[in-house]
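Enquirer: Marked as transmembrane segment by TrEMBL: B:12-29, B:36-55, B:71-90, B:106-123, B:168-189, B:209-228, B:240-259, B:271-290, B:299-323, B:329-350, B:371-395, B:448-471 (among others). Among the features that TrEMBL reports, domain 'NADH:quinone oxidoreductase/Mrp antiporter transmembrane' is placed at B:123-421.
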Amino acid sequence: MHATEETLWSLALYGLAVLSLVALMLGLSYALGQQRRSRATDEPFESGIVSVGSGRLRLSVAYFVVAILFVIFDLEVVFLYAWAAAFDAVGLAGFVEALIFILVLLAALAYLWREGALDWGPRQRSLERTERER
Amino acid sequence: MIGAAELRALLPLMLVALTAIGTLLLAGFRRDARLAALGYQGGLLLTLLTLPWALPEQPLEVTPLLRIDGFFGYFAALFVLVAMAVGLMMQRQVRSKTSGERVEESYVLLAICLLGALVLAGAQHFAALFVGLELISVASFALVAYPCGGRPSTDIRQRNSLEAGLKYLVLSSVASGFLLFGIGCLYLDSGSLAFAPLPPSTSLALPGLALLLVGVAFKLALVPFHFWSPDIYQGAPTPVAALVATLSKGALFAVMLRYLWFGALQELETLVPAVALLASLSMLGGNLLALRQRDIKRLLAYSSIAHLGYLLLVLLAIGHAGVAIEAGAFYVLAYSLTTLGAFALIGCVCEAGDEPDYRLEAFAGLIWRAPLLGASLMLILLSLAGIPLTVGFIGKFYIVAAGVDAGLWWLLAVLVAGSAIGLYYYLRIILIMLAPQSEPSGIGGGRWLVYGLTLLLVLLGVYPLPVLQWLPVL
């Protein structure tokens, strides 16, 4: 109990020190630095080159879908790595459980494929097909 | 180790999971709303029918996470029935709106919600609690934002549900964060995630329990953590609002019951003032805020806040009154049944036209337009108010009995005061309904669900014995 309180105090002190250091740095640069406003002040710094065009790009929706798919399968791999490391220890039960996990993801993949999430580019053939059917 | 007995006990969970996957594949390979609904209802019916067979004679621990016993059985049956009713409402909603939206996925999400609720009903471990809660929450985010009644992303009518979905996502995640931090504190304190009494004299137990309480209060929408709930109810499609009001709150309440029952009782002693404050604020605040509402869905949201306040009384009584668990279990049933009836009726009356009309005036002259529906509405409102001959009365009676046993006198006084305030706005709707009809408007489909739920509500109010014998006891 006593030890916890002591560590909590030191943690609070540390937090306070961090805050005051940040405040000091920001405050000093605000107080000592020169404040000048000119035409180029608010422009983004691009290594001395004047920036061209807008920063707002139009990305194809397919990019987003692929990103999501990547995250899903990346996560799957995380779980499978854990399983692979403990393959001998968990035995048959672990194998069955991992199999169920993979099969569920496979069902999700099949659904995504039918939805046209795997078609690259802005034209999605399977979506068009469902439109035609309608 | 998982053997045959454990697999048999897990059957309800596996069947619901299979329903979710099966419906997903059906949705992918055959775009047919009726087929998806059939698959969903069939899977749930199978779960319900095999539930008595699957339940073990003695309480059975399946892994350290889940405990399958009578408590699980009661709540599992209740949640499956609630999910089936919500599925029926969803089906009707879809049939009446014939735009080209995709509805099959909603059944997948509903099944996932139900799976989370079942996990919560059986949880005896914080990991199971969190997994179950997140299953419900993540599926609900998508369901709340579900395009009902408009073409996706182009129709202005979808804006409300999108806004509601985003709000729910952000606020619910924050609440999950609180909950997780609380669980972390408790784990640091006791070194175990199982539901068990904490070791005595520790410094992190109180902050952990307090954070846990904040997270739970957020999810249950108790005053002062209630601000999200009216907006979500208003924006979400009506069946989903019913789901959020009944299934997710009921499941979380069930798991809290089990947590307190399994040993955190003496920890509660330190939290009694906080829980009592939450309960009384919810009972009074919910009812007072509902007084001036002109929107039926917002009104129901505030009324549900008040009902959850009544339910908190059970948590306080749990260590002192033997009847507390029974009272909580029965009240969840009464509240779910009545709320489902109310939302089914809203779907039937308010969404009949092209534009949904959720003003209270939409009910004007309902008793003359559709006498049976009007009578149903009256019974549902009386049940919400807790008037005899309805299931709401039995539920409230149980809670008062538990409160008297535990000697929570001033909370009972608040309950009576809150109920008296509540009576005012419930009766106001009945008055609006009895008024002569101002403008003729149609009645949508889905009456049979309303009739069925109302009939059940009255039957259980008059003769609750069949359910009472299934109630889990301490």
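Backbone N, Cα and C define each Cβ position, glycine as well.
All annotation found in TrEMBL is predicted automatically rather than curated by experts.
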Enquirer: If contact means at least 3 Cβ pairs within less than 8 Å, sequence distance 6 or more, would you call the transmembrane segment (B:271-290) and the transmembrane segment (B:209-228) in contact?
Expert: yes
Enquirer: Are there residues at least six beyond either end of the transmembrane segment (B:299-323) with Cβ under 8 Å to its Cβ atoms? List them, or say none.
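Expert: Answer is 220-223, 226, 229-230, 232-234, 241, 245, 249, 253, 256-257, 260-261, 265-266, 268-269, 272, 275-276, 278-287, 289-290, 293, 331-332, 335, 339, 342-343, 346, 360, 384, 396, 398-399, 401-403, 405-408, 411-412, 415, 418, 422, 425-426, 429, 473-474.
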Enquirer: Between the transmembrane segment (B:71-90) and the transmembrane segment (B:329-350), do 3 or more CB pairs sit under 8 angstroms, pairs being 6 or more residues apart?
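Expert: Checked: the transmembrane segment (B:329-350) vs the transmembrane segment (B:71-90), in contact.
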Enquirer: Report, as numbers and ranges, which residues of the same chain sit near the transmembrane segment (B:106-123): CB under 8 Å and 6 or more residues beyond its ends.
Expert: 12-13, 16-17, 19-20, 23-24, 27, 36-37, 39-40, 43-44, 62, 65-68, 71-72, 75-76, 79-80, 83, 86-87, 90, 94, 129, 131-140, 142-143, 146, 195, 243, 247-248, 250-252, 254-255, 258
